């Protein structure tokens with residue numbers, strides 16, 4: 001066994017938490033860089049259509065107005081989500097792809113351009129209008145192609161997904177304080193219902209995509225896929241000869257090759273070996289090892305060495321039973337292909353609202369930022385562990401948002417007065 005399952009799960013969790021942490025950090029830096037008394041005027045968006053908070057309003061008015069704003073926003077999100085599910089159900093996938101491309105272009109060009117111009121003005125960067133336009137156009141075009149095109153390096157796609165989350169979260173941090181907190185609570189509850197309820201739109205969408213074996217028609221961050229086809233001796237190089245037999249060659253890790261006679265392997269033998277695969281007793285259903293041996297070896301060897309082909313996927317995905325790993329061997333077509341599952345996926349909305357919570361905390365104090373960050377990361381880790389236990393899709397917002405809001409108010413109301421009082425009296429510094 002190549003390591004404990006805890007190490008594998010830890011690597012998987014780290015692969016999801018790292019981009020989330022980077023997104024939250026950059027949003028906090030943007031809030032500190034762009035926040036000023038002149039830019040604290042709330043903006044009018046879909047999140048505050050009903051009520052615009054004013055400093056002179058009472059607490060009861062702010063609470064009532066923020067709840068109305070959250071209710072209207074959640075209803076709009078639910079209506080749009082049901083419309084997308086309906087379009088996907090009737091196979092309007094081309095329209096959905098163009099809609100997502102247009103949405104990404106709009107976010108990068110307009111919202112991202114506004115943030116870029118604000119940074120240029122705030123930092124007094126000398127740049128002319130033509131250069132600024134060319135930079136923004138190239139940034140937007142490369143971003144849209146990276147997110148929606150195939151053959152793009154996964155690191156570039158992941159980077160632009162994080163950038164999209166940063167831009168949207170930076171805009172949401174401009175909402176009034178009461179509306180922000182009400183909106184976060186309402187969206188966490190909506191996420192819980194939409195994913196777990198029998199008629200929830202996100203649950204229906206996930207089931208449809210799974211039944212069709214297609215990608216989700218949404219902006220989703222994908223963790224880096226794991227390696228496949230490893231063997232203890234090194235690399236396994238395979239080819240197909242003219243007579244249709246698979247020629248296997250073991251290449252050690254220091255570059256030395258060991259040639260073997262051609263071995264005829266057809267799809268029936270592969271499926272039979274897959275059905276008889278052994279499972280590790282310490283890690284149930286974690287890895288399947290298939291041993292394929294052949295009797296067509298050279299006569300100078302007393303024992304034919306076995307060639308182990310290890311099929312490995314993301315540990316959390318494999319424990320979920322959602323792995324879609326397939327191995328196709330086509331003897332007549334002289335082609336061998338391997339399709340792998342890409343691992344854990346996290347919606348872009350989770351990036352956005354995690355960062356909105358931390359960005360709102362950054363407007364008060366750094367101590368609340370640390371507390372909210374630890375709470376969000378802890379909640380995300382709990383969600384990923386529950387994902388392996390429950391074996392089906394789970395909402396990523398409720399636990400993290402609940403812990404983040406609780407830690408924010410506990411830090412602001414209890415911890416900060418205690419620490420400040422201890423520090424001012426020289427009892428702690």
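Residue 1 is the first one shown; counting continues down the chain.
Cβ coordinates come from backbone N, Cα and C, glycine included.
The feature region 'Disordered' is assigned by TrEMBL to 273-305.
Here TrEMBL flags 12-34 (among others) as transmembrane segment. Note on the transmembrane segment (12-34): residues 115, 118-119, 122-123, 158, 161-162, 165-166, 169-170, 173, 221, 223-224, 314-316, 343-344, 346, 350-351, 354-356, 358-359, 362-363, 369, 373, 376-377, 380-381, 384 of its chain, located 6 or more positions outside it, place their CB under 8 angstroms from a CB of the stretch.
Per TrEMBL, transmembrane segment is recorded for 67-90 (among others).
The transmembrane segment annotation in TrEMBL covers 102-121 (among others).
Sequence annotations record features per position, and here TrEMBL assigns transmembrane segment to 127-148 (among others).
Remote same-chain partners of the transmembrane segment (155-172), defined as residues 6 or more beyond its termini with a Cβ less than 8 Å from a stretch Cβ, comprise 19, 22-23, 26-27, 30-31, 34, 43, 45, 47, 104, 107-108, 111-112, 115, 142-143, 146-147, 180, 219, 221-222, 224, 348, 351-356, 359. Under the heading transmembrane segment, TrEMBL lists 155-172 (among others).
If you look up TrEMBL, you'll see 178-197 (among others) marked as transmembrane segment. Non-local neighbours of the transmembrane segment (178-197) in the same chain are 42, 47-48, 51, 53, 62-63, 65-67, 69-71, 73-74, 77-78, 81, 172, 203, 206, 349, 353, 356-357, 360, 393-398, 401-402, 405; each lies 6+ residues outside the stretch with a CB under 8 Å from one of its CB atoms.
Counting same-chain residues at least six beyond the ends of the transmembrane segment (370-389), those with a Cβ under 8 angstroms from any Cβ of the stretch are 9, 12-13, 16-17, 20-21, 24, 315-316, 319-320, 344, 354, 357-358, 361, 395-396, 399-404, 406-408, 410-411, 415. Taken from TrEMBL, the feature transmembrane segment covers 370-389 (among others).
Listed by sequence, the residues of this chain that lie at least six past the ends of the transmembrane segment (395-415) yet keep a Cβ under 8 A from its Cβ atoms are 181, 184-185, 187-189, 191-192, 194-196, 202, 346-347, 349-350, 353-354, 357-358, 360-361, 364-365, 367-368, 371-372, 374-380, 382-383. Residues or ranges marked as transmembrane segment in TrEMBL: 395-415 (among others).
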